[in-house]
Amino acid sequence: MGTTITQVDAISLTDLSRPAPFSIPQTVIPSRSASQVPANRRPSLRVFDAEPTGTLNKSRRALITTLVILASLTQYAANFVTLAGGLAFSRKLGREVGPGEANWMPAAYSLTQSTFVLISGRLGAVYGHKQTLLVGGAIIAVFSLANAFTTTYNAFIAVRALTGIGGGLIMPNAVAMITIIVPPGRARNLTMGFFAAAAPVGGWVGGLIAGLFMSTSRWQMMFVFLSGLTAVLFGLLALELPREVPVDKGGRIDYTGAGLGLSSLLLFNLVWNQAPSAGWSTPYEMALLALSVVLFVGFLAWERHVAHEPIMPVSIFKAPTFTALLFVVLLSYMSFGISLWYMIAWEQILRGRSVIQLTMIWTPFVPGSIIAVFIAAWLIPRLAAQYIIALGVVFVLVSNLLLATMPVHQTYWAQTFPAIVVGSMCPDLVYVAAQVIASNSVSRKQQGIAGSLIGTLNLYGNSLGLGFAGTIETQLLEQTQDEARGYRAAFYFGVALAVAGLVLNFTFVRVPKDEREGWDPADQANDDIPVVGATLTRAGAATGVENSAAA
């Protein structure tokens, strides 16, 4: 008996930042001999080669998937420490400011994470998902440690932004490793469900870590702890993950397009998040805003007319409802990010809560978010996806409205608790439904690009919304010297964003409920279907590995 490694045309893995806990049924392609393969079939240069998953026993497979999920959870914890403790960190670093001017604390990590999610799936395809995942972990470990030794606000924020790059590299490639290790079926679905739960649980754990360390005099040790925890988890992953050769080894990466696209996104977000503290009268604000627009126009021109393998084909925006969907997702997550940050400011500044108290208040968010994942999965085959998105947007609208109308001093159970519970339903309902709509709107070859765009806007919206709301809040605070009024204005802006998202959703997004089984015949393009080599007698596994008798 022996093991044969099969060469197949690789289908790119969808880049998801938070995967839905279910799999789209896959069409099985029967094996064909060399004589049966069409003569006009172009030989693939993309070869997938990995340690056969059949050689991984159940205990090792369970260990690897557990480590991947814990690594993802740690990444989210590293993100959320400066969301829960951002105002306290600002004070420790000598910057006694409100949420509008301290907005870089939660925004810096999400900004770079969101932009690098856009290209990290492609980096994994060319350089290896395992290698890219481990590099992401190393970046978080190194720069989290560096954060422990920063003594100024600006240096702290810069290092946080560098840390976020690691998060962007981890997310799509963690999903890829799970889909490589765990074969399709109930086990993969369950694993994906746990992976999706890593976001809310990791966020809560991050708040708990921040609260515990902020109650001590050596709060910087929090980042040493996060660095060490990340190093241990990713070190174990490096030892346990099976050998992998990239699915597109030697393939091209559109570095020029990536540079133009990432630069435009980074600068546009930077301008808006810097505006609350610098002011729009500062010359560099308008200059950088104009530069971000020029870079984005250059990015579109490059992708359409020059790039041989564009990182984002412009044709994807011609897909029915897809462009409108992107704006709905962006507006939804902008509204959601505002509700989180200004709820934290309200509780900490106006009600005097500590970071650890805030984390306890935040606890209902975890089960609410996890429940929403499974509600979304249950609704997908039963309800048109645009209505599922609408439900998620209504939830964040109601959450912002509850927070905007509550008095400064009030029992937690009256409005804060229901606002947290209702708001927790938004992210997953919007995300899962948006992925389904994107999947139905674009061709098979553009599935990965569409998925990565949804994941990017998820995180980018959280960061960008803080800049817009911060500008409104700080301007009103300067005029009235009333903190509560400024926070309420930010919440009402979140309401307005949600209303705009609803209008776009009901006006332009049109996708029927998803009852498909397998790919549409039109999507079964010749150069997109796996072809089993002539030496095999039956179809290999999803990884391209077949156990067969050897002479």
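The backbone N, Cα and C atoms fix where each Cβ goes, glycine too.
For 63-513, the entry in TrEMBL reads domain 'Major facilitator superfamily (MFS) profile'. As annotated by TrEMBL, transmembrane segment applies to 62-87, 107-125, 155-182, 194-213, 219-241, 253-272, 284-302, 322-344, 356-380, 387-406, 412-437, 449-469 (among others).
Of the candidate ranges 62-87, 155-182, 194-213, 219-241, 155-182 contributes the most Cβ pairs within a distance under 8 Å of the transmembrane segment (449-469). In this chain, the transmembrane segment (356-380) does not touch the transmembrane segment (107-125); fewer than three CB pairs sit within less than 8 A of each other, excluding pairs fewer than 6 residues apart. Same-chain residues lying 6 or more positions outside the transmembrane segment (194-213) and placing a CB less than 8 Å from one of its CB atoms are 18-21, 68-70, 72-85, 88, 174-175, 178, 219, 221-222, 225-226, 354-359, 362-363, 365-366, 368-370, 373, 424, 427-428. Among residues of the same chain six or more beyond the transmembrane segment (387-406), those with a C-beta under 8 A of the stretch's C-beta atoms are 328, 331-332, 335-336, 338-339, 342-343, 346, 372, 376, 379-380, 414-416, 418-420, 422-423, 425-430, 432-434, 437, 488, 491-492, 494-495, 498-499, 501-502, 505-506, 509. A contact between the transmembrane segment (322-344) and the transmembrane segment (253-272) is absent, since fewer than 3 of their C-beta pairs, 6 or more residues apart, lie under 8 Å. Model confidence over the domain 'Major facilitator superfamily (MFS) profile' (63-513) stands at 91, taken as the mean pLDDT rounded to a whole number.
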